[in-house]
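Q: Here it is: the structure, laid out below.
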Amino acid sequence: MSKKKGLSAEEKRTRMMEIFFETKDVFQLKDMEKIAPKEKGITAMSVKDVLQSLVDDGMVDCERIGTSNYYWAFPSKALHVRKRKVEVLESQLSEGNQKYANLQKNIEKAKIGRHETEERAMIAKELSSLREERDQLKAEVEKYKECDPQVVEEIHNIFAIKSWAKRKFGLEENKIDKNFGIPEDFDYID
């Protein structure tokens with residue numbers, strides 16, 4: 001038992017356009033719903049959607065006359081639409097090529113004076129060693145941060161406030177530390 005595979009949306013659109021091009025006629029929706037299934041194998045249920053997608057893309061013209069919608073498409077219009085599309089794409093391609101050429105020129109300009117010379121290599125090496133030295137000095141400063149007079153003063157103030165809070169409010173030291181986010185390993189400096 002073999003099942004017949006349905007047409008893809010693009011196949012339906014192509015076949016619908018064939019109806020217009022082969023007949024060079026004007027149709028109403030009800031006409032297309034009769035012709036499309038018989039001649040092109042497009043299910044009657046999908047004719048309206050396929051037709052609307054072609055109208056939306058400007059491939060089929062639609063005009064309301066009285067209470068009816070009339071649809072038509074002629075090969076010359078399709079050719080004209082394709083020519084316009086080709087012109088737009090060629091314009092975009094030309095712009096893209098121009099941008100590419102400008103970027104290539106900018107790359108070449110940026111390369112000027114950046115040739116790998118012995119002097120440049122030595123300067124780069126010196127820069128690298130200076131950066132390493134800076135990082136080492138920062139680490140050293142971080143180690144001795146505890147001896148910074150300003151840091152020491154702040155620590156003294158914290159302990160003075162803790163001592164005052166214990167006397168004034170009768171609070172336990174670990175509760176003060178917990179409520180004010182003071183680490184457990186926070187020590188007094190002599």
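Just so it is clear, glycine is given a Cβ too, placed from its N, Cα and C backbone atoms.
Sequence annotations record features per position, and here TrEMBL assigns coiled coil to 86-147. Per TrEMBL, the feature domain 'Mnd1 HTH' maps to 16-75. Feature annotation from TrEMBL assigns domain 'Leucine zipper with capping helix' to 135-189.
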Q: Write out how many residues of the domain 'Leucine zipper with capping helix' (135-189) are helix, how many strand and how many coil, based on DSSP.
A: 42 helix, 0 strand, 13 coil
Q: Determine how many residues of the domain 'Mnd1 HTH' (16-75) DSSP places in helix, in strand and in coil.
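A: Tallying H, G and I as helix, E and B as strand, the rest coil: 34 helix, 12 strand, 14 coil.
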